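Take a look at the structure set out below.
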Amino acid sequence: MEEFVRQCFNPMIVELAEKTMKEYGEDPKIETNKFAAICTHLEVCFMYSDFHFIDERGESKIVESGDPNALLKHRFEIIEGRDRTMAWTVVNSICNTTGVEKPKFLPDLYDYKENRFIEIGVTRREVHIYYLEKANKIKSEKTHIHIFSFTGEEMATKADYTLDEESRARIKTRLFTIRQEMASRGLWDSFRQSERGEETIEERFEITGTMRRLAEQSLPPNFSSLENFRAYVDGFKPNGCIEGKLSQMSKEVNARIEPFLKTTPRPLRLPDGPPCSQRSKFLLMDALKLSIEDPSHEGEGIPLHDAIKCMKTFFGWKEPNIVKPHEKGINPNYLLAWNQVLAELKDIENEEKIPKTKNMKKTSQLKWALGENMAPEKVDFEDCKDISDLKQYDSDEPEQRSLASWIQSEFNKACELTDSGWIELDEIGEDVAPIEHIASMRRNYFTAEVSHCRATEYIMKGVYINTALLNASCAAMDDFQLIPMISKCRTKEGRRKTNLYGFIIKGRSHLRNDTDVVNFVSMEFSLTDPRLEPHKWEKYCVLEIGDMLLRTAIGQVSRPMFLYVRTNGTSKIKMKWGMEMRRCLLQSLQQVESMVEAESSVKEKDMTKEFFENKSKTWPIGESPKGVEEGSIGKVCRTLLAKSVFNSLYASPQLEGFSAESRKLLLIVQALRDNLEPGTFDLGGLYGAIEECLINDPWVLLNASWFNSFLTHALK
């Protein structure tokens, strides 16, 4: 075939085709059918434009003899055959000069007479099938499509064939000749059968080098090459008897399909061990705020100024002492660090003008807490690759932890309403398209249900902390910058409020890669006595730093105020996602919206108003050992939001794995509930995949225990 291509096509076309294939990492010597197809396509594009000119009046002219009149300009701009960068440059300049909409994919030609891009297709299959594939791929009304086949058929958008009869006949004749030439050499059949559907970029993505070798090594038995295997998979129609299909795939496989009955599934095994501990980047239900209402001080909105103002609202400071040490840390350093923060804030107040930011002195306690000079020295790989026993040092398996009750309490708290509003109506973002009345109505109802929710407070707190930390990490790479943890809200009466939760001190932050870590020390106010659930606070050193007067039903009571201090770390990519936590609002809104849609399709009318305003109706919220929990529509909105927020706050590889694997078991159980008689093979393997994600993460363990409640009730 390669020899035929080189004989049959003009050398310039052959050279262009080779360049195109190399650009995609394909070899013309191996993928000879593709080589032939590219040459054919190039030739058709050139023939399409040959001899067609436009005169000064914009009229189309066909000139076949020698040198055309200098006043004529080519009717078609050829884009196909240029390298990608050049091709896009041409497309962009055409769009800029003519105002034509820019296409998503590179077209083949531009027609100056009709002012449109043209996509040329040459197919060995039915023209209409290929036409639909092309149209489906480019999804643009503006690009004109023209398909030719080797049998002389053609098809074009709106049956507008652009060229005169004779020019098209030339193209069809040439295609017919190519087909006959191939047939006479016994090449046509293989060429005809090798045509795949319209390829998207993903399908063009060729595997080369090491990956290619690995792919070839890991082929199932009985397959000689990756192409062979791909062709088999593409042609695999997944219907009919599964066992038969499996045995047809390989002699090695003998899967017995076991029926999945109510008695089949067992509960997930949760790990034993000490209770799991809190691992969020900031305190959740245990956080305490020092607040100012209607802030109007000088420098309002500058975090450091706001923080100092909030600190001044509290008068119960006392000499700090450690009430719950951190098992592994040097606890006096945490105490010294807090005293240093207080001292340096005092220094600032004595200055004439409060600065916008504060960099902490690099004391020994902060250097220790922030891991300064602790990173192992980096050595160039070149210098040590000759060391014979070079290996990565062993890391310990993570210690297994059992589910503790605090994480369910955290979740319940996140679903509750607070007495402040944390988002304005437009926080979810205006839709770009003109919103239909229904969509904005749904959004307003949803926002009303969640604006006062504690999970929404966590979103705004997370967005603020991550934004401030990422900014400081870039702006003050070498400094130990003091970053107040602040949030803003509105009271029931609509008054603005600024809250201070505590402080963060950031370590050195030369973050080159997304995953490079910046260390920080967090110091957060709380009224929670850590001695009640010491296992929850394993990673913290807790100080008692003051006494707070609280108004209660029986009058004022004094409660000790604690400071939860710990060393922590994050990375650019984690901060980027933290800054985007508002997406949780959108995700849960979409989930609620699909419930409204389901209700509306049953009633055959929009049920938005009834859905949100019928306070008597209850909806399933989740599973607990008691059974299916139900609640109002507001509770549903807040629970879905809290789940989304916790997925963000407690994001981890364990959660990724658990979500993906448990979903498979969930689908099987749902199929059983729908009487679809599901069958499974290697159910033990699926349980193994789920349970290897249950190690020590509190949120994953809680989800696993919910999953067990679901299994129990679903199979009753």
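We count from 1, first residue shown onward.
Keep in mind that glycine also has a Cβ here, set from the backbone N, Cα and C atoms.
Taken straight from Swiss-Prot:
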type    : residues                      : note
BINDING : HIS41, ASP108, GLU119, ILE120 : Mn(2+) 1 binding site
BINDING : GLU80, ASP108                 : Mn(2+) 2 binding site
MOTIF   : 124-139                       : motif 'Nuclear localization signal 1 (NLS1)'
MOTIF   : 184-247                       : motif 'Nuclear localization signal 2 (NLS2)'
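HIS41 (Mn(2+) 1 binding site) is surrounded by 20 other CB atoms, counting those within 10 A of its CB over all protein chains shown.
Taking the C-alpha atom of GLU80 (Mn(2+) 2 binding site) as reference, the shortest distance to any of the binding-site residues HIS41, ASP108, GLU119, ILE120 belongs to ASP108. Applying an 8 A CB threshold to same-chain residues 6+ apart, the list for ASP108 (Mn(2+) 1 binding site) reads HIS41, CYS45, ILE78, ILE79, GLU80, ILE118, GLU119, ILE120. Other residues of the same chain near the Mn(2+) 1 site, with their Cβ within 8 Å of the Cβ centroid of HIS41, ASP108, GLU119, ILE120, are VAL44, CYS45, GLU80, PRO107, LEU109, ILE118, GLY121, VAL122, HIS146. Using a 10 Å radius centred on the Cβ of ILE120 (Mn(2+) 1 binding site) and all shown protein chains, the other Cβ atoms total 21. Annotation note: HIS41 (Mn(2+) 1 binding site) sits in a helical segment as assigned by DSSP. Cβ contacts within 10 Å of GLU80 (Mn(2+) 2 binding site), excluding its own Cβ and spanning all protein chains shown: 22. The Cβ of GLU119 (Mn(2+) 1 binding site) has 23 neighbouring Cβ atoms from other residues within 10 Å, across all protein chains displayed. Here the motif 'Nuclear localization signal 1 (NLS1)' (124-139) is broken down by DSSP into helix, strand and coil counts: 12 helix, 0 strand, 4 coil.
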